[in-house]
Each structure stands twice: as structure tokens, then as C-alpha cells.
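Annotated in TrEMBL:
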- B:52-109: domain 'Nitrite/Sulfite reductase ferredoxin-like' (DOMAIN)
- B:119-273: domain 'Nitrite/sulphite reductase 4Fe-4S' (DOMAIN)
- B:331-398: domain 'Nitrite/Sulfite reductase ferredoxin-like' (DOMAIN)
- B:410-548: domain 'Nitrite/sulphite reductase 4Fe-4S' (DOMAIN)
Ligand code: SF4
């Protein structure tokens, strides 16, 4: 089964951080903190559901990418991690959803500030490739992804076009 | 009542289209049943014992006549001619076909209704006091806040894959009719000394296999901070609630294991970051939502006082019905009428399409077009002139809807149980029916007075047995159905969890056991003004154990 990396522009070919033959290029949070202290190389860090992403605060500008792990599609902790990274810690770099990424979760992922996903789920990959997302473009709550306010109530947003 | 604007309409249509696409992908095999499950659940679609079940939201229990007629239409067209009102102000249809469900959702959207988040591990339909906007004792109408929460929680991108389901209830009276202390979040609307509106916030109540009473974590949350504070609670729960064991995944367990004070501090710290952000509620927005719930224009109908007295004198059946099912409205010439869906020997909460249509017509004629659904599985006409009670009663009688038992022993709550539910250990409905038959005599019921019996077919406690004055829980023992009885539960402002009285009873012995319990109370109470629950609180379980088990009394 082939894995794809996708962002809102479409499928990303030959991505530097793609999983290749089961090998991930991401390091754990502890390793990332160590690497950042010692020097040079580019860091892509994997935040697991039980991790506290606030620990990355001192090294955020050293990170090339943060991957948020969805070990199972129904484990929703990474949604809060993304929200915290964007809204609280002000992280502006790339955030990627990895793991059990399924089509119907992707619109939510984008809204909380995830930019790209990696998925091995064939029907999901197909629909993403066709750029046919199943989301609803009207939102009843603000979120990290920029959206337009409406002229109705303060909490509503409309997807930016 | 709240009315959809263009945004709401477009949202619900988009949601229906989204679900249609999901159903098609499921039917074509692109989505596995496993991955489809949370998606269909977020649209209220369950897989039951015999068929799919669709649960439709009735936000904070408020319906117009037009909406009720649509519920009747759906029962007729897609189901077997009836619907089942649930303990969370929803209606369930037990026999829809999966392929029809997108059409049903489209019909619902036509009357500004939906099935969004009536199940699944997300924020569920927000419930409220069924007498909201009519009761004499409320601080303000709680429904505008329930509506704001309904909107904010709809397809929330951060909180749609929570550890477990999440239930919020709002009340605005000291006398809690929304059971807020057995909800994940309970909000009690209040005013501070300056007359500003805010909320006392309770978290961590719940039933299920580990019943817990909610803990108050905030005495006064200003109105403007409602969404930021609830977001803080949700975020702490989403990140730290247990996901290793579904029976320990509700926020009540997080509260219990973390400690109320510590968890409140974590929520407070999270809230400090959110409080002055985008979620702050502008006064003007709250005011605009509140305007939708403006009280209907109720003209003076003082003639009703004398008429009512005369009618009661002439017809004792009518007099009983008024005593049991009509409560004072804040307008002295009006009353709030409970329409019992508990006919003697009937299925609690069921209504036929014809009955729903009849209630819609009567609401239009007599109750400013408004209907409420209660968490006790009854309906309410909230604004009825006393002068209209007699014709209303006659009309209800003709539909089999005039049972005078609100709050009495036959006003039983029961979950669907083994007749429908895939998780059940035992039947609930036949047990309710038998007890109802046994105690059906009107004079006897009135003699017994206020007594809430609640029945669940398994430990998931959808029938709220933990908070029944008498609770009945179906369990399975060596392949046979057995019923465990609890006493002393209550879900009002003095919430308590019932205690197991002793070993369980076989199906054919449950009604006798209830009879023994009732007789024990009747012979022991200090007078007719000592209700069952007060008597139990005074004397405890001992006399009941003695009566039920004699000298063999011991825990099961
Ligand atoms: S209490 Fe159990 S049997 Fe009854 S509806 Fe809930 S899950 Fe089903």
C-alpha cells in the first residue's frame, strides 16, 4: 500500500519527511530537545498523544516540521496539540498529521492548524488526490486556520476562499 | 423560539450532503464499518439489535407545532408509525433503513432540525429545564445559553474525537429540573449581587457503571466567559481524559482520579489563556439570541379561575389531571401542562404519528405553538390558559394522552432494554408495563404520592436507575434476567445515588418487590406530606430490607 503526503495544494511528491518503507524521519520530543542543544541538523519532531507540546517552546524556531501522531483515528488528542501549538505557542512552521489519518478527519485537522497529512489509507488517498474533501465550509467556532468572520454572531466563521 | 438564519440553513444542508457522501462511501466499501461508526454516530445513527436506529436532536427540548408534525411524518413514512422520546430530550426512530436516512435528515432540515451529535464521543445535544421560559421560579430563560452552546459545539474541530461522550445541561432555577448534577457539565444560571447573569459550573456528574454526583468548580462564571471556560474544560478533558478503558473515559473519572481542586486549577490555568480571546461573548450577540426566546404574548384570561374551579368540581378525573399534570405558570392565568406519555400499561415515551399530530394541533391552538420534551419522557404544553384546560383535557383524552400521573408511581422512565438495544442484559419495557398495570388505579397512585421509578436494561443506565427513588437495573446472572433494586436516588437539586437494597429479583417477582417497598413506605410514613424520598432519607434502607428479605437480609 502506498503512502501519500498531501497538503492543501495537492499531493506532495518526494517529501523530505515522508515515511519511506516504514522508516520515519521524525525524532521523539526528547531527542529533538537534545539535538537542538547540540547543533546543526534539521529537526522534524513527532509529538505523541501523551506528550506535552509546550516542552518544545524553547526550540520552536529550530524545528523544520512538527508531526502530530494519530495512533488511531478516534484518538483526538492531537487536535488539541495543534490548537495549542498554533494559538498558544505561536508556532508558524509546518504541522503534519500522521498515523491513522482518514478522510473525514482531514477537514478538522486543517481547521486546528495542521497543514499536511500523511496517509496510507487508499480511499482517503484517492479522495485527497482528487481534492474532494468532505468538510462543511461554515463553522460555528473560531479555530487556528484563518477563516472569515460573518456578519451574524461573533463565534461564527466562513472558510476563506 | 430560535429560528435558523441563512448560515444555519446552509450549515445543516452541507451537513446532510456530507452524510449522504459518507453513506455512499460506506455502501461502496470505501469506509470500513469501524471507521464509519463514529461518522454515523455523529449523525445519530446507531446499529441496534434488529435495525438501524436514528436519534434526532430536540435542542433543549423545545419544538414548534410544525416541527412536531414533521416528527409525525417521519414516523409514518420511514418507520412503523411511532417514535420514542428519550431521557435526553431526543426522539428515536427504531426502524429506519440506512439508505433512507439522508432523506430523513433532509426532511428534518426543512423544519430546522437535525441529528447532529446525538451520539458518538462528542458534545451531545444540550439539554435544559423543560419548563424554561414559563416557570415562575427561573432567574432567566436558560435556552439562549443552551442554543449558543449548541452552535459552538456543532462540528467542533478540536472536540469531535473526545475520550467519550459529553453531556451538558443548563438550568435556571434553584429547583433543578434538568438534572445538572448528573451531567458532564452542569450549568446553573444565576444572578450576582449586581444583577449580572452568570453560571455556577458543575463538572463530572454521570451515571453508567460508576455513578457520580457533579462537583461545583465555579460559583459564578460571568456570562461573557461561557464559551472560553467551557473550551478550557473540554481541552483539559480531551488531553487528559482516559482513553485506555472506555468505562473510565468519562470526565467524572478524570475528576475523581485527579481530584476536584487540582483539575479545577488546570482548567483555570487553561482558561486564563482563553478568557480574553475570540470566544468572549459580546453582549449584543447574547441579546440577539435571547430575543428569539422572548415570551409569547399571553393575554389576561382571568375568567379561567372560576371556570377551573367549577370544572374540577364537576369532574373528578379532570380534577386529578389538573392536580398532577398542571403546574403554575409565571402568568397567573396560565399553567404548564404535562402530557403524559405513560399510559397505564403502555410503553414509556412512545407516541404514535397520530398522537404527535394531535399534540401539534393542540399546541397551535392552546400553547402559543410551543411544545417541550422532558427528560422524563413526557411532553409539555408550556403556555396554556386556565380557561382552556377543560377543552384541552377533552382533546387529549380522545388521543389517549390524558393520563393523570405526572410524578406518580406509574410515570416510569425506562430505557429501550432488550426489546431493542444491543447492549441490554434484560428487558425494561415489560417490567415498566407490569408495574404500571399493578399501580394503575388513580386513587391508589395519588395515595402513594410522588414516587419516581426508573428502569435500565443494563449498567449503562440510560433509564437513569441510579437516580430513581426506586431504581431497577437489569443484570444477567447465569444466562437469566435478574433485576437489582436501588433505593433513595434523586436527580434534583439534592441529587443522590440510590443504594442497592439487596439481592436481585427474577422477572416475575419484581412487581411484587415494588409492591412490598411501597407498602413499607405507606405504613411507615409520618403522614401524607412525607414523600417516599423523604421517608427513605429519614429511616434509611433497614425497614425495606426487612420487608423484602426478612431475616435473610444481606447484600446480593
Ligand atoms: S441502559 Fe443498557 S439496555 Fe438500556 S438503552 Fe442503555 S445500553 Fe441499552
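One-based numbering along the chain as shown.
Cβ coordinates are placed from backbone N, Cα and C, and glycine is handled just like the others.
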Under a Cβ pair cut-off of under 8 Å, which of the recorded stretches B:119-273, B:331-398, B:410-548 contacts the domain 'Nitrite/Sulfite reductase ferredoxin-like' (B:52-109) most often?
B:331-398
If you run through the domain 'Nitrite/Sulfite reductase ferredoxin-like' (B:52-109) with DSSP, how many residues end up as helix, strand and coil?
29 helix, 17 strand, 12 coil
Taking every residue in the domain 'Nitrite/Sulfite reductase ferredoxin-like' (B:52-109), what is their average pLDDT?
94
